[in-house]
Amino acid sequence: MTLTLTREEAAGRIMVGLDKPDAQSALQLAGRLEGTGCWVKVGMELFYAAGHEIVQELKNRGFKIFLDLKMHDIPNTVRGGARSIARMGVDMFNVHAAGGSAMMQAAMQGVGEAVAAGEAQAAPLVIAVTQLTSTSRETLNGEIGIAGSVEEAVVRYAVLAKHAGLQGVVASPLEVEAIKAACGEGFLAVTPGIRPAGAALGDQARVTTPREAVDGGSDYLVIGRPIVAAPDPAQALESILKELTEA
Ligand SMILES: O=c1ccn([C@@H]2O[C@H](COP(=O)(O)O)[C@@H](O)[C@H]2O)c(=O)[nH]1
């Protein structure tokens with residue numbers, strides 16, 4: 001079913017991956033996105049270079065922030081990490097579902113501790129990475145050694161994340177229907193692997209267009225290079241918004 005969104009609704013579902021090597025270039029890009037209503041995603045490249053300060057600056061500029069650090073460690077370490085992240089005031093962060101239930105529950109515990117101690121004004125959404133969107137079935141079966149289809153592996157992780165109390169998962173838009181069937185419509189599907197028609201895949205293996213992702217039920221579309229590496233990032237975002245606001 002084609003879902004026609006208002007411009008505001010469409011922008012509120014887009015998370016632009018600020019995959020930049022330093023604060024200056026990230027803020028220059030953010031400047032082109034200000035006022036559009038989109039989220040920004042701060043991942044490893046930017047956070048390891050520019051840390052807490054870049055998060056605060058982006059918050060000051062009014063962006064909603066998904067901190068994409070994909071924690072994967074023993075439960076006690078993840079609990080502490082989650083508490084520190086919650087203190088930063090981001091709106092969403094993630095862990096790897098492959099860390100298991102105890103690790104995911106520990107992330108929720110860390111968030112709860114930050115809120116109870118008054119260190120965080122609000123609890124960020126916590127979601128779990130299922131199978132990276134760069135992973136093909138060949139890689140999953142042949143290299144990683146997990147049998148079955150990618151969709152089966154993704155749904156297994158999604159169910160685990162749901163039972164651990166997380167609010168959603170990161171997956172490809174191709175798996176969203178199965179995730180929602182297993183975990184319910186309200187369980188968030190945050191989907192990278194978005195490529196406008198004709199765009200280069202790069203290292204992504206499981207992709208759809210923005211329109212296909214929204215029609216398939218994705219709640220948030222994570223988009224990096226198709227916007228960030230475009231000659232005019234603001235224009236690239238506009239053309240994606242146009243795709244989502246037209247029937
Ligand atoms: O499974 C995953 C999890 C995270 N990502 C991140 O999303 C963006 C996608 O960038 P593109 O340039 O649009 O490919 C990037 O920051 C990844 O770290 C993902 O792609 N897949």
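A Cβ is built for glycine as well, from the same backbone N, Cα and C atoms used for every other residue.
TrEMBL annotations:
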| type | residues | note |
| --- | --- | --- |
| ACT_SITE | Asp68 | active site, for OMPdecase activity |
| ACT_SITE | Lys70 | active site, for OMPdecase activity |
| ACT_SITE | Lys70 | active site, proton donor |
| ACT_SITE | Asp73 | active site, for OMPdecase activity |
| BINDING | Asp19, Lys41, 68-77, Thr133, Arg195, Gln204, 224-225 | substrate binding site |
| DOMAIN | 13-240 | domain 'Orotidine 5'-phosphate decarboxylase' |
> Between Asp19, Asp68, Asp73, which of the recorded positions has the fewest other CB atoms within 10 angstroms in the structure shown?
Replying inline: Asp73
>> I'd like the Cβ neighbour count for Thr133 (substrate binding site), meaning other Cβ atoms within 10 Å of its Cβ, all protein chains included.
In response: 24
> Near Lys70 (active site, for OMPdecase activity), which residues of its own chain have a C-beta under 8 A away, given they sit six or more steps off in sequence?
Replying inline: Met44, Asn94, Val95, His96, Val129
> Whole-number Å distance between the CA of Asp73 (active site, for OMPdecase activity) and the CA of Asp19 (substrate binding site)?
Replying inline: 23
> Cβ under 6 Å from ligand 1: which of the recorded positions Leu69, Lys70, His72, Asp73, Pro75 qualify?
Replying inline: none
>> Can you give me the average pLDDT across the domain 'Orotidine 5'-phosphate decarboxylase' (13-240), rounded to a whole number?
In response: 98
> To the nearest whole angstrom, what is the C-alpha distance linking Pro75 (substrate binding site) and Asp68 (active site, for OMPdecase activity)?
Replying inline: 18
> Cβ-Cβ under 8 Å from Leu69 (substrate binding site), same chain, 6 or more residues apart: which ones?
Replying inline: Gly43, Met44, Phe47, Ile85, Phe93, Asn94
>> For the C-alpha pair, I'd like the distance in angstrom between Asp68 (active site, for OMPdecase activity) and Gly224 (substrate binding site), rounded off.
In response: 12
> Three states by DSSP: which one describes Pro75 (substrate binding site)?
Replying inline: helix
